[in-house]
């Protein structure tokens, strides 16, 4: 809505004029006969214009206190510009390698004109019906009464196949646990190891180690065999929930049964021993695994580097580097960052610089964690790049 504003202003002005008959340094101030004039100024304002024009704020008020960024956050933009980006056009060679083509045979097509047929079970009406029923279970209210009322509408007689499909389709671990107990209570078929393994993986996502341990003891009492997947799930869940003593206990029970751990379980238990500070046990397990033709991966070397780095053990860090070279494992960015931080804790800025140069020469790009570690190391040691 427009508004009119008017006001009268008194304007006084004087004009200085020189008399041509007088010298230039004598001036006569001549005033007009009407020295004062009255003007009327009218201003028109609207709501939109007034709302759009923001009042000027005090510069001190505009400078609101900002959250202090960490060193890693400040160096994150720098990490993207540390190394020059390769031109995408350089990926394609101007002189591509020639490919020999047999002239007697037609050129191989890169596209199939026929659609790939789906597997027959995709058109199984029972499978489609079971998936719809699983969706119905997922969409129901998250309480036991509503869930059990929907279970009464099970489309077919529960057996091993359709029950396993339903169990794998339930997303919340609470509903999966209700369905698992419903199967056990009604005793539709003998429960097997695979059902316990699937249920334990759900519980691991929910970090429910106590429930997992109850199921494991139930398997032992019911003489249901625990396989490698079962032990691996128990140990990894205990590690995730910081029950390191329990992880060691189940690992020892696994060895007593005669089962050999797989690579995932072995790396997990190495990390558990490292977090417990049992360096000798970690080295013993590592050497026993290598002697059994086990090839360590990046996760294993990252665990070893972190363990020696926390202790500031320079000889241990050298041992990790030698082992990586002996098994021909090239470190990734995570391992490089762990090793650089470890060298910093060990008070070896020169070796940290060598690792940083190796990182760049390997073609990897340092991230904010790398630059943060380097900045802390050289800031602490007052060491500068040459």
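Even glycines carry a Cβ here, placed using N, Cα and C.
What TrEMBL lists as compositional bias 'Low complexity' is 42-54.
Annotation source TrEMBL lists region 'Disordered' at 42-119.
If you look up TrEMBL, you'll see 55-83 (among others) marked as compositional bias 'Polar residues'.
Residues or ranges marked as compositional bias 'Polar residues' in TrEMBL: 91-102 (among others).
Listed as Cβ neighbours of the repeat 'PPR' (227-261) (distance under 8 Å, sequence separation of 6 or more from its ends, same chain) are residues 193, 196-197, 200-201, 203-204, 207-209, 212-213, 216, 219, 268-269, 271-273, 275-276. Summarising the annotation, TrEMBL assigns repeat 'PPR' to 227-261 (among others).
Here TrEMBL flags 262-296 (among others) as repeat 'PPR'. Across the repeat 'PPR' (262-296), the model assigns an average pLDDT of 86.
The feature repeat 'PPR' is assigned by TrEMBL to 297-331 (among others). Packing against the repeat 'PPR' (297-331) from elsewhere in the chain are residues 263, 266-267, 270-271, 274, 279, 282, 286, 290, 338-339, 341-343, 345-348, 362: each is 6 or more residues past its ends and has a CB under 8 Å from a CB in it.
Taken from TrEMBL, the feature repeat 'PPR' applies to 332-366 (among others). Each residue of the repeat 'PPR' (332-366) gets a DSSP state, and the totals for helix, strand and coil are 26 helix, 0 strand, 9 coil.
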